[in-house]
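Colleague: For reference, the structure I am asking about is given below.
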There are 2 protein chains.
Amino acid sequence: MHGAHFIQDLAVIMLVAGLVTVLFHKLKQPVVLGYLIAGLIIGPHTPPYTLITDEATINTLAELGVVFLMFSLGLEFSLKKLTKVGAAALVAASAEIVLMVWIGYEVGRAFGWRTMDSLFLGAMLSISSTTIIVKALDELKLKQEGFAKLIFGVLIVEDVLAIAMLALLSGIAMTGSVQIEEVGATLGKLAIFITVALVAGLLLVPRLLAYVAQSASREMLLVTVLGICFGFCLFALKLGYSVALGAFIIGAVMAESEHLKTIENLIEPIRDLFSAIFFVAIGLMLNPAVLVQYAWPIALLTIVVVVGKVVSCGLGVFISGNDPRTSLRVGMGLAQIGEFSFIIAALGASLKVTSDFLYPIAVAVSAITTLLTPYLIKGADQTGNVLGKLMPRRTAEVLGVYSQWLASLRLEGDQAVLAGMIRRILLQVAVNCMLVAAIFLGGAWLGEHLSHLLNWYKAVLWGAALLLSLPFLVAIYRKLVALAMLLAEIGIADNRAGTYTPQVRKLVSRLIPLAALVGIGFGIAALSAAILPPWELLWLVLAIALLLLLVLHRAMVAIHARLQIALLETLEDNSRH
Amino acid sequence: MHGAHFIQDLAVIMLVAGLVTVLFHKLKQPVVLGYLIAGLIIGPHTPPYTLITDEATINTLAELGVVFLMFSLGLEFSLKKLTKVGAAALVAASAEIVLMVWIGYEVGRAFGWRTMDSLFLGAMLSISSTTIIVKALDELKLKQEGFAKLIFGVLIVEDVLAIAMLALLSGIAMTGSVQIEEVGATLGKLAIFITVALVAGLLLVPRLLAYVAQSASREMLLVTVLGICFGFCLFALKLGYSVALGAFIIGAVMAESEHLKTIENLIEPIRDLFSAIFFVAIGLMLNPAVLVQYAWPIALLTIVVVVGKVVSCGLGVFISGNDPRTSLRVGMGLAQIGEFSFIIAALGASLKVTSDFLYPIAVAVSAITTLLTPYLIKGADQTGNVLGKLMPRRTAEVLGVYSQWLASLRLEGDQAVLAGMIRRILLQVAVNCMLVAAIFLGGAWLGEHLSHLLNWYKAVLWGAALLLSLPFLVAIYRKLVALAMLLAEIGIADNRAGTYTPQVRKLVSRLIPLAALVGIGFGIAALSAAILPPWELLWLVLAIALLLLLVLHRAMVAIHARLQIALLETLEDNSRH
C-alpha cells in the first residue's frame, strides 16, 4: 500500500513520544516537555539524520492538534465559571497581559528586532499555559487550595483575552499598523462575533446534541460533535478569524450541553493523539544551532517571563484585595508560557510577518519555564518569607493600609444588590445591541454580494434586517426604561426636586432610553451604510416597522422572552447535571 | 493560518457525515451506508461541484482508518475465542472463502475481465464485514442467539483467513503468477511471521502496557499503545506485509492485556473518527456514471454474493454438524461484503494490478448487500419453512442420516482427552519450530546485509542463531519424545510385541523424535543457506553446541519453561479480568 512514508512518520513520532513520555513521567516532568524533546531528537536538525520524511502532512495533523487543544480548553471553560472568578482574576490577567506585551515589545526592540517581531514576542510572553500549570498543580496535589482557584481564574480570563489578542494580531499583521480606530473596530467585531456565536450556539447546539444523544450511539454523537466543531472552525476561518478561536468558542458552547461528560470522554483520546503530534511537530522545528545562536535572548527572556509574571500577576492579585502571601503564590504559579505562545508564533509565521528565529525562542523559553514551574510553585512560601524579611517596615505598613482601605470600599447589603441589578441590565442591553449589530452587518454583507443594488432591494434588505431586530430593539428599550427608573430612584433624592420628584423621575426614565435608542439608530445606520436606502424609502420602511411594532408589540416581547428563557435553561440545565 | 483547504475538507466531511448518519439512524440503516452516501454527495463525480479540495490528504487520513479498523478488529479478536469457535466455524469459513473466490474468479472471467481483476474480485466477494454484521445483529437484538455465536465464529476465522489472503494477493500481484511453491512459501513465511509476532508480542506488550498503566495517565497509555501499534505496522510494512495485517496482529496481542477495556475505550473515538473518513473517502471515489455503466455486473454480483454465501456458509455449517435451520440462519446472516472488500480493492489499486472499475463495483455490491443484511437475517426462518416444503422427502432423509452419522463420529471420554493431548503437543512443536525458523531466517537476513561475508563470520552468525534456538530445539525434542511415547502406547498394543512390548515402545519413542530432529535440521540448513558455514566450520559449531547442550541442558529447559509459563500467564491473566 502507498503512504508508507506517512505511516513511518507517524510510527516514529508515536514510538519516540511514547518512550520519552514514560521517561519524563519517571522524572516527574510534564509530558509536554517530553514531546518537545522527542521532536528535537527525530527532527531534521539533529544528527544522525532526519527520521521524518513527509513533514507537510505531519504539520497538517499538528494543525488539528491546535483545533483539538483549543476545543478541549473551551469544553473545560464555562460561562458560569467566568462570572465566578471575579474581579481579582480580571485585574491580575489584564495587568499581566498589558505589562508582559509591553515588556516583551521593549525587550525585542532593545535586541534590535523588527517592530512586528517585537510585538509578537510581547504577545507570546503574555499568556501562560493552562495545560501545563493545571497538570503541575495536579501533580503537586494543590488543586484544591485557595490560591490554585485564583490561578485557574486568571488562566480562564487569560484564555479569553488571548483569543482577543489572536484576532487583534491578525488584524495588525494584515494592515501592518496599530491604529486606535482599527483596534476598536477589530475588538468590536470580535465582541459581536463571540456574542452572536455564543447566543446562537447556546440556543441550537445543546438541543441538537441532546437529540443526537437519544440514539445512545457514541459514534453518532462523536461524528456530530466533530461536524459542528469543524463546521464552526470553517465559519470562523471564512470570517477572517483563526481556527483556534473558532474551536475555543464552539467548545465553550458545547460545555453547556448536558452531555458534556460523554463529549469530553470521546474527545480526550483524539485530543491527546493530535496534541502529541502538535508538540512533537514543534520540537521538529527546533534547531539546536539557532538555540545556541540565540542563547542570550533566550536566557534573558526566561528571566523576563519569570520576574515579569511574578510581579504583574502578583501585583494584580494583591491590588484586587488578596494578602501578599497568596498574591506571591499566584504570581509564581503563573510564571510560565506554553502552547498559546506556539499558536501565536505559528500565526506570525503563517502570516509571514515574523522572523524565523521567533518560533524556536518561544519554544526554548517555554521549555525552560515549564521545567521551572513545579519548583516555583513549591518555592513560593520560602520566597515570601525571604521577601518579608527584606522588605522595609514602612512598605509593609503601606501594604497593610491598602488592604484595609480596599476592604472598606466593598459594597454591602442593598448597595451590592443594586449594583448587581444594574450590572445585569447593562449586560443584557449590550448582548441585545450586539445581536442587532450582527443582523445589520449580515444584511450589509449580503448587500455587498449582490451587485448593482437597486434602491428597492436595499429597502427590502434593510427592512428585513430591521424586522428581525425588532424583538431585540424592543427588549433593549424595556431594559433601558428599567435601568433609567432605577437610576432616577437613586440619583434624584426625594428632597431634591421637592413635590415634583415623581414627575422628574418619570421624565428622566423616559428621556434616557429614548436618547439611547437614537444613539443605537445612528450606530445601525453606520453599520448598514451599504444597504441604507435613500430617505424617502427609509421613512417608508420605518413607518411600516412602527406599524408592525404597534400591532405585534406583545408578540415581540413574547418571542424575546422565549429566547431568553431558552438560553437561561441551557445555562442552568447543565449545572443540574 | 494555512491549511484552510484541509480544515474545509474535514469540516465538509464531518458535517455531511454527521447529518447523513443521524438520518440513517432514523431510517434504521447501518451508519456505514450513510458514510458511503455522504462521500458520494460531496464527491467530485456528483453535481453541482466537488466540495473536497485536498483529496490526497483525505486519502492519507483514510489509510489511518484502515489501521484503526483492523486494530479494533484485532482488539475484539482473541486467541482464546479462536480456539473456542471450533470446527464448525473453520469448515464454514473455509468453504465460503474457497467457493466465493472460485465463483468470483469465474464470473469475472465470464465478463471478459483480466485474470488479476477476476482474482481480486473473487477475494473481494469472499469476506463478510464483521462491523456491519455485528451491528445488524446488535440492532435486531439477536446477539445472544446460538446461530449468532456461530456467525461470530465464522467471522473470526474469516478475519484470519482474510489476513492470509491479503498476504497471498500481494505476493501474487508482485510476481504475477500463482505457483504452488510460491503459495506454500508465502503461507509458510506468513505463519512464521504471525507466530513469532504473537509469541514475542504476548511476552512483551502486555507487560509493557501494565508498566505504563501504573502511572494512571490515560494520555501516556494512549501514546504508548499508538506507538506500539504504528511501530508494528511499520515493521510489517518493511517485511512486505500490509499495514492492515500489522494492525490486526498487534491488536490481537493487545487483546490479551489486562488493560484491554481502557485501551478499547481510548481507541474507540479515534477509530470512529478515522473510519468515518475512510468510508466517506470510499464514497468520494464512487462515480455514478461508472455505477450505471456496470449496472449489470453489479446486479449479478449482488446475487452471486447472496446466493453463494448462503449456500457455501450454510453448507459448511451443516456439514460440521448443525441442523438445517441453524445452517440457513448462519448462511443468510453472512450474505454480505464490506470493509475487507474495500481494503482488498485498495490493495489491488495501490499495487496497480487491477482496473479502476473494480473499486466502485465492490462498493456498490457492498452497499446493496448491507442494505439487505437485516432483511436476510429476519427472513431466514421463513425461507427455511419455504425450502422445507419444497424439498423432496428423499433429500430430507439423507440430510437426517448425515447428521446422525456425524454425531456417531464424535470422540468421547478417554479418546477425546487423548486427542486433545496430541493436538496440544503438536501445536507446541509447531510454534517452537516456527520460532527456530524465525531465528535462522533473521540470521540469514543479517548475513545478507553484511557484504563480503567471510566464512568465520558465517560460522559465528550461524552459531549464534543455533545457540538462541537451542532452548526451543530442546523443547521440541522433549515434546516429540512425549508424543512418541503416547503414540507407542496406543499404536503398539500389549499383545502385539509380546514380552518385548516395553522395549519396542521405548525404541519407537526414541526413533521418532530423532528422525524428526534430523528433518528439522535439514529445514534449518535450507532456511539459513545464506549463512551456512562450510563443513569443517559447521562441525566445529555443532560440536560446541553439543558441548553447551550437555552442560546447560537444565538451564535451557528452565528458560523455555519460564517463557512458556509467562506466555500462559498472559493468556490466563486476561480471562480473570
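Each residue, glycine too, has its Cβ placed from N, Cα and C.
Dumping what TrEMBL says about this protein:
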DOMAIN    A:13-377  domain 'Cation/H+ exchanger transmembrane'
TRANSMEM  A:6-24  transmembrane segment
TRANSMEM  A:31-50  transmembrane segment
TRANSMEM  A:56-75  transmembrane segment
TRANSMEM  A:87-107  transmembrane segment
TRANSMEM  A:119-138  transmembrane segment
TRANSMEM  A:150-170  transmembrane segment
TRANSMEM  A:243-261  transmembrane segment
TRANSMEM  A:273-292  transmembrane segment
TRANSMEM  A:298-319  transmembrane segment
TRANSMEM  A:357-377  transmembrane segment
TRANSMEM  A:425-447  transmembrane segment
TRANSMEM  A:511-531  transmembrane segment
Colleague: Can you work out whether the transmembrane segment (A:357-377) touches the transmembrane segment (A:243-261), with the criterion being 3+ CB pairs under 8 Å where the paired residues are 6 or more apart along the chain?
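Modeller: No, the stretches stay apart by this measure.
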Colleague: Please give the sequence-distant neighbours of the transmembrane segment (A:243-261): residues at least 6 beyond its ends with Cβ less than 8 Å from one of its Cβ atoms.
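Modeller: Residues packing against the transmembrane segment (A:243-261) from afar: 63, 66-79, 159, 163, 166-167, 194, 197-198, 201-202, 205-206, 209-210, 213, 221, 225, 228-229, 232-237, 343, 570-571, 573-574, 577.
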Colleague: At a Cβ cut-off of 8 Å, and with pairs 6 or more apart in sequence only, do we get at least 3 pairs between the transmembrane segment (A:119-138) and the transmembrane segment (A:298-319), yes or no?
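Modeller: In contact, yes.
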Colleague: Pairs 6 or more apart in sequence, C-beta under 8 angstroms, 3 or more of them: is that satisfied by the transmembrane segment (A:87-107) and the transmembrane segment (A:298-319)?
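Modeller: Between the transmembrane segment (A:87-107) and the transmembrane segment (A:298-319), contact is present.
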Colleague: How about long-range neighbours of the transmembrane segment (A:298-319): same chain, 6 or more residues beyond its ends, C-beta under 8 Å?
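Modeller: Residues 88, 91-96, 99-100, 103-104, 107, 121, 125, 128, 150, 154, 291, 326-328, 330-332, 334-337, 361, 364-365, 368-369, 372, 376, 399 contact the transmembrane segment (A:298-319) from elsewhere in the chain.
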Colleague: Counting only residues 6+ away from its ends, which parts of the chain sit with a Cβ under 8 Å from the transmembrane segment (A:150-170)?
Modeller: 73, 77, 81-82, 84-86, 88-90, 92-94, 96-97, 119-120, 123, 126-128, 130, 133-134, 137, 183, 186-187, 190, 194, 240-242, 244-245, 248-249, 313, 316-317, 322, 326, 330, 333-334, 340, 343-344, 347-348, 351
Colleague: Within the same chain, where does the transmembrane segment (A:511-531) have neighbours whose Cβ lies under 8 angstroms from its own Cβ atoms, ignoring anything closer than 6 residues to its ends? I mean 6 or more beyond.
Modeller: 433, 436-437, 440-441, 443-444, 446-448, 453, 458, 461-462, 465, 469, 473, 476-477, 480-481, 483-484, 487
